[in-house]
Structures are given as structure tokens and as C-alpha cells.
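Colleague: OK, TrEMBL features for this one:
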type: REGION; residues: 1-20; note: region 'Disordered'
type: COMPBIAS; residues: 1-17; note: compositional bias 'Low complexity'
type: REPEAT; residues: 78-119; note: repeat 'WD'
type: REPEAT; residues: 120-162; note: repeat 'WD'
type: REPEAT; residues: 300-330; note: repeat 'WD'
type: REPEAT; residues: 331-372; note: repeat 'WD'
type: REGION; residues: 389-441; note: region 'Disordered'
type: COMPBIAS; residues: 411-421; note: compositional bias 'Polar residues'
């Protein structure tokens, strides 16, 4: 097959090598900032416990030069943990970063000085996922391999004498959130983990969605009363020839900006979409074509709600158009399993990480292209995979490098054009178009808490309210 590469050598696209003192380290988490650097600052966390910050607006290295050029454009790098980092989250207007690690802690860092500001202890297993509160910069949630979810408030700290780092305990915690189903018709896999693989605040600011490795269910919790979920999705499982069901775990969660749709990446190599207002009604659409061979593979909604991005065990990157899930576009270039992915919220750019110890930044130019032209970042070939049974071939389309054209002024008020919207102009077989955004909140029936006090409320106020 042909290959669509991010060879770099230009502003906003290229290949970053993840290594420390000459020793390669597989990246496990990538995250674009929301405000810092106009959304172009990229945080990369790896298996060795390091966090690195890159400005992806700069000219990034090519694949051939990445080993000796990456250090020149790395803005900051520090060892945040002595164990692997599984998730990172920008908070407080991108001045702080949270890191979740295999050392069972979450740590808070100042981005500018990379100084440790706080350590959160309360989990008894590796911390796998993080999610900041949509509007309150002091509150966030975490999910752990021990099967628990925890809520944290940075205004409720504990100072230990003789230390400069502030210590925190969770303000609320629920254990055994995603246990494997106990049914004679459902077979448990040997060595199955009960890990919480995803935590996701909904835009109504009160509902927290969680996913697990053992039960294949997305649960929705009212953070004011963390006892039992208010609703959950049906379990994802398949039937064997003996009639026994096999439960497929969920590797990650993502939602569109309005929380009207939520996606769950599943180990049966499908991405399931749910109605954000009525998730208990089950799957409304599914996306396939990729391979989910581990819980490190993530999927993400695009900022314009029109596309879905995912890694894959086969080393490719897959992008689906939400309204046409049967024909994903495939980006080839990595040489190992593609794990974490993210969208840049302010430009036509995505980032992908892989077990090949590389991070690739894919970017489209802002000016128009003809059907026979692609950005210099995209070389060789583009192909489209169809999961429809009637499809008999996947023909490659030759790519001709672009010719330089003057840049058009960037509109700061416009929604960023997604990758596939631009690619659809170049390949007639790619789906095109955007679906309308739903405007419903996930739980319109839940009323906000007003306690009549003028002081800033902490999350403890939610639980004391009756």
C-alpha cells in the first residue's frame, strides 16, 4: 500500500523523536493546549516518566533528521515521575499540567518552571485517566487501575511539615466502579483487569462519564452524590459458537464540544457512538476498519464534531467522517502501534504517538488545493479503506506535491477546518460534510445547586447539599 507521511521540514508538521540521553521511550499520552501558544503547544508524556513541551508552530524535524533535531525545538522537558505517565491534562489557562502515573499518584506542575506544586495520593493502582472540570479550574477527576474514580479539589490541601510540595487527598471516591459481569453466559478472561480506562466530565458540569476494561459499559455519575451511576450504556459483548458471551473492554472516551454525542473505543476493534442525552438507549452508530489490540489505543472527536480520529495496532492512523462511518481515511507513517491521538483546537492539525518512539504532527495548509495537489507534509499516496462487504478494492491515489501558493489570512472567529474536510476535496471517495450540532445537555432534568453563600464553593458543597 501507499503511504501518507508527515515528513516535516515545514511549519506545523513533522516528526518528533521521544528519547532521553539517547535512550528511546514510547510516548503514552499527547495533549494540545487550549490557550497557551494559541493552542499549538503540545505536551508529550512517555513510559520513562518524562514530560516534554513542544511548540508545533515552529518548523519541525523531518523523519530523517528527527533524532538530532528534536532537542533543538523541545521547549521544556523534565522527569515528572519515576514510572510511566498514562495521561496528561492542561489546566488553569494552560499554566499548569496534571500528570497521571503508574506510581499511583497524580502530580501538579507549573509549566513555565516545571516545578512540582502538588501530589495527589488516594489510588492503590496506576492512575490511567484524567479529566479537568469544564469551568472550575480547581476540580478534576481521575480513574485508576484499582477500579476506583476520585474527585479532587485543589483548594482542599494538606501541608506536610518539612516538604515544599502540597499534598492532596480525594474529596470523594468510589471503588469497584467497573467490575466484570457475573453471569454464567459471560466468560471472564484470565487475568482481566478492573481498571477505569476513561473519565470524562460532561458539559453540564455535574455528570461524569466513566469506562472500564472489564465490563464494556459507560457509566454516568452525578458528582453531587457519588454512590451509584444515574444511567449506563448496555454492555458490549459478542457470542461465541458455544453461546457464551465475551465482554469487550473500553479503552477511552471522547465527546463532541456540546456533549450531545459520546464515543467509546472498544477492544472489539470498534468505536461506538452514543446519544449524550440518552446513552442508555444504546449505540446509535459504530466505526470500524482499525485494530484495537491494547488498552493504550485512544480515539478522539474533532473540534468541529464532524470527524473521529483513532490509533490502531496495525501502525496506521484512522479518520472517519461522523455521517459516513464505513469509509475511514488512513494515514500511514508510523512503524509501531499508534496509541494516543489529539486534535489541535485552533488549526487543521492532529498529533499521533506510537510504539516506534515517535510523535507525528500532521497538518494541512490554510490555502486551497486542487484535486491533484496535497500539502508538502503529505507525500507518496493516500488510500481509503472501506468496511462495506460490497467493496472489492482499495485503489491507491497518487499524490503530487503542492506548488507554493500565497497564504490566505486566518480567520480567528471561524471554526477550524477538519482534516477530512480538506482531504475530501482531493479524493472523490472520501466522505464530505458536517452533521449539525445537537444543543441538548446530557441531563436537563438535573438542577444546579444554589446554596445561597457568596464564597467560592468547593466540590464538598455538592455532597453536603440535600
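We number each residue from 1, going along the chain as drawn.
Quick reminder: no glycine exception, Cβ is built from N, Cα and C everywhere.
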Colleague: Taking residues 6+ outside the repeat 'WD' (78-119), which of them lie with a CB under 8 Å of any CB in it?
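Modeller: For the repeat 'WD' (78-119), the sequence-distant neighbours (Cβ-Cβ under 8 Å, at least 6 residues beyond its ends) are 28-31, 33-36, 41, 43, 45-51, 53, 125-132, 137, 140, 142, 144, 152, 154, 157, 165-168.
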Colleague: What mean pLDDT does the predicted model reach across the repeat 'WD' (331-372)?
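Modeller: Mean pLDDT, the repeat 'WD' (331-372): 82.
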Colleague: Could you give the number of helix, strand and coil residues in the repeat 'WD' (120-162) as assigned by DSSP?
Modeller: 0 helix, 21 strand, 22 coil
